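As given in Swiss-Prot:
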| type | residues | note |
| --- | --- | --- |
| DISULFID | Cys40-Cys43 | disulfide bond |
| CARBOHYD | Asn182 | N-linked glycosylation site |
| SIGNAL | 1-19 | signal peptide |
Amino acid sequence: MRAAVFVCLLLGWVGVATPRRLRGPQADRLAITLYYEALCPYCMEFVTTQLNPSMVRQDRLPFTDLTLVPYGNARTNDDGNVECQHGVMECELNAWHACILEHHDIAQSLKLIACMMRGKKNRLEKCADHYQIDVGDVKNCKKTRQVNDILRKYGKETAKVSFQGVPAVALDNVYNADLSANLTDHFDAIFCAKYKEKFNKQLNNCQ
């Protein structure tokens, strides 16, 4: 994925990521911020095969301050309209993800978003039924607001960090292009190492 990730391209440099959601004592949680877009194949692969298995199967989520930013390489034009790299459908799906994040905690949000990213169509109903999560508030969010309005704040957050491509991963509130590329291929192993380095604690199932 490291070489292929540049298919979803933007410009690259080192920047600082600002966390949006805190979950418990900061001393116990390593901040991870994912900048992504719903229909980028490499974002879909990363979320479903790297991030979600680490957070759920390896139980890293209680030790993570995880922030998801569904905007990626989208652009907001002078009229305030958002144009997404993979077209109108991606903007719609990004907005659905944003509404999920606004109305559910990160654990439920990750379940729904990872499930949705296993396909290229809107799988919200199917995923909500699978996890028995009420998404009435999510539907109302999407129904009563314009996509441009829903995505505006995520565009502003994304503008704080410039990256070479998505998925882009900031660790401990800092984005580094080389580290991000490694994280997309070896997320759990690097998370374990960085967590131990920062907190001097060895997490379960870390080698």
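Each Cβ is built from the backbone N, Cα and C atoms, and glycine gets one as well.
For the pair formed by Cys43 (disulfide bond) and the residue listed as 'N-linked glycosylation site', distance between Cα atoms is given as 14 Å, rounded to the nearest Å. Over all protein chains present, the Cβ of Cys43 (disulfide bond) has 25 other Cβ atoms lying within 10 Å. Burial estimate for the recorded positions (Cys40, Asn182): highest at Cys40, by number of other CB atoms within 10 Å. Put simply, the residue listed as 'N-linked glycosylation site' is 18 Å from Cys40 (disulfide bond) when counted between their Cα atoms.
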